[in-house]
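Here the structure comes first, spelled out in structure tokens, and everything after it is commentary.
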Amino acid sequence: MAKSHDRQQGTPHIAEEWVGRIYTTICILFLIVSIFSLVYFVASKGLSTFFVNHVNPLDLLTGLKWSPDADIPLFGALPFIVGSFSTSLLAAIIAAPLSFCAAVFMVEIAPNFGRKYLQPVIELLAGIPSVVYGFVGLSVIVPLFRDWFPGQGVGIAAGAVVLSVMILPIITSISTDALAALPKGLKEGSYALGATRWQTIYRIVLPTTLPAQLTGIVLGIARAFGEALAVQMVIGNAPHIPRSLFESTSTLTSAITLSMGNTAMNSIQNNVLWSLAMILMLMTFVFVFIVRWLERRSKLG
Amino acid sequence: MKKMFMLMSVVLLTFALAACGNNNSPKESGNASEAPSETSSASAELKGSILATGSTALQKLVENASGKFMDNNSGVAIQVQGGGSGAGLTQVSEGQSDIGNSDVFAEEKLDAAKAAELVDHKVAVVSIAAVVNADVNVDNLSKQQLIDIFTGKVKNWSEVGGNDQAIQIINRPSSSGTRATFEKFALGTKTEDLQGSIQEDSSGTVKKYVSETPGAIGYLALSYLDDSIKAIKYDGVEANVENVANGTYPVWAYEHMYTKGEPNEIVKAFLDFMMSDEIQSNDVVELGYIPMSEMQVQRDVEGNITK
């Protein structure tokens with residue numbers, strides 16, 4: 001009651017200010033604590049492979065043979081690293097042009113139809129659970145590739161196709177925002193000089209929005225890099241560097257998801273999986289830094 | 001005032017959710033007998049909660065049984081989670097869950113000191129059969145032929161009496177309990193992951209791959225066998241309940257429910273219920289397991305068989 005009395009006196013805004021400030025502070029503190037404890041947890045687990053189990057980090061990064069349960073265990077994660085990079089880069093190569101075209105269509109060519117119908121449909125892709133993508137890949141893409149190409153259909157190609165659909169909405173929405181934020185004068189100037197629409201898009205719009213486009217692509221790669229379930233279902237998961245795009249291989253995430261539950265905590269097999277998780281985390285940091293750097297460039301440009 | 005109330009409730013909610021996330025419910029389940037009594041407690045004698053985690057293969061059976069158990073004992077809440085045998089054994093060993101479900105003996109995953117603290121309750125037997133794609137023209141494989149296939153020595157079905165077709169191995173990850181059982185009792189040796197082999201941990205995915213991939217071979221629990229794939233005889237012996245029970249078909253393993261030390265009153269009641277006729281001759285059989293009572297042979301950790 002006392003507080004409502006204060007309110008009558010004309011001090012409600014100060015109270016509101018404080019409530020808001022305390023609430024945001026608590027939220028931020030919670031966020032910081034959880035992020036740091038997460039990083040600490042993954043790092044402490046991942047590093048114990050090297051400090052407790054005395055696995056050579058260089059062997060882990062460059063070794064070709066993965067047999068953690070053998071009598072003489074070998075922990076070579078290079079096939080997983082190669083698998084992760086090739087799958088997510090290939091996914092970005094497939095998705096980036098599609099996303100750029102979709103964004104150009106939505107902003108430059110048919111803004112009405114595009115914004116109203118196409119964008120929600122593309123954003124819908126982001127809401128579909130990854131296990132559904134995995135199952136579609138397993139039921140449609142793998143048999144299709146098995147018929148079309150030599151091999152069993154599983155592999156980097158199948159993984160990349162599934163992932164490219166998953167990262168399409170990320171790249172598209174960032175591209176769309178970048179294109180929409182382009183100053184009108186730039187395009188009008190181009191048209192005034194007699195350039196066609198295609199020339200304007202190709203010579204003006206694309207180069208000016210390139211840093212933002214790249215940001216979208218890097219974010220897409222980061223998402224593809226961390227995706228586990230869908231890839232695991234279609235990539236085959238043999239811990240070897242494949243000899244073709246259609247041969248079974250494994251990614252960092254699929255190696256983790258396949259074995260994490262089957263190994264006991266603090267055993268060497270389990271710790272090595274945490275090391276793989278740490279590699280994933282460090283790679284995400286790298287991706288975030290690249291995105292930051294690109295964003296800074298786009299502001300200067 | 002209304003806004004402030006809203007804000008405060010959001011803050012409270014955030015914390016409540018955060019607390020839920022951190023807890024992972026070891027406290028609720030740990031001191032099961034001290035759980036608060038409900039108002040209508042006259043009907044049930046047992047009160048408390050049980051957390052069972054681990055093997056996804058065993059999860060369905062334990063879930064079914066826990067549903068029936070909770071119908072009979074309204075004061076008991078049983079939570080069943082998957083996560084894998086390794087996770088189940090770790091959590092029960094560290095006191096985070098009351099029961100650790102596992103496809104393998106604790107000694108195979110944990111170090112000896114930790115495994116010694118756990119008490120083994122074998123609730124069912126699971127048998128594993130080698131399966132092939134329906135178009136593979138082979139009905140029987142000897143132990144040596146299986147070893148040759150899974151070590152990559154034999155790469156074509158024509159070498160073991162089938163058509164001229166490349167063999168595609170659908171394997172489990174090397175940490176899998178199913179693979180451990182198959183390697184130990186069907187092959188008698190560990191195998192390496194071959195280049196080009198496919199690995200999946202979920203039985204459903206393995207079955208899908210075997211049924212759709214030409215020339216595929218894999219292995220599945222008996223409960224997953226149907227017409228979409230072909231189960232093959234092992235040394236001339238068919239994989240079925242009878243042959244497992246009388247000891248002629250060797251590829252089988254126990255499903256374990258481990259407790260840390262002797263179980264408390266509620267957990268013991270639930271484990272007894274798992275062994276009761278109601279579960280053993282209904283749910284266990286329906287889900288494709290073999291009831292403990294039917295087994296005429298026993299096996300210890302080292303794999304020694306006794307009648």
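The backbone N, Cα and C atoms fix where each Cβ goes, glycine too.
Listed in TrEMBL:
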TRANSMEM  A:21-43  transmembrane segment
DOMAIN    A:81-291  domain 'ABC transmembrane type-1'
TRANSMEM  A:89-109  transmembrane segment
TRANSMEM  A:121-142  transmembrane segment
TRANSMEM  A:154-180  transmembrane segment
TRANSMEM  A:201-225  transmembrane segment
TRANSMEM  A:272-294  transmembrane segment
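Under the criterion of 3 or more C-beta pairs below 8 Å, with sequence separation of 6 or more, the transmembrane segment (A:201-225) and the transmembrane segment (A:89-109) qualify as touching.
Residues 39, 42-43, 45-50, 53, 55, 60-61, 68, 75, 77, 80-81, 84, 211-212, 214-215, 218-219, 221-222, 225-226, 252-253, 255-256, 259-260, 263 of the same chain sit 6 or more residues outside the transmembrane segment (A:272-294) yet have a Cβ under 8 Å from a Cβ within it. Note: the stretches the transmembrane segment (A:121-142) and the transmembrane segment (A:154-180) are in contact (3+ CB pairs below 8 A, sequence gap of 6 or more). Away from its own ends, the transmembrane segment (A:21-43) comes close to residues 274, 277-278, 281 of its chain (Cβ-Cβ under 8 Å, at least six residues beyond either end).
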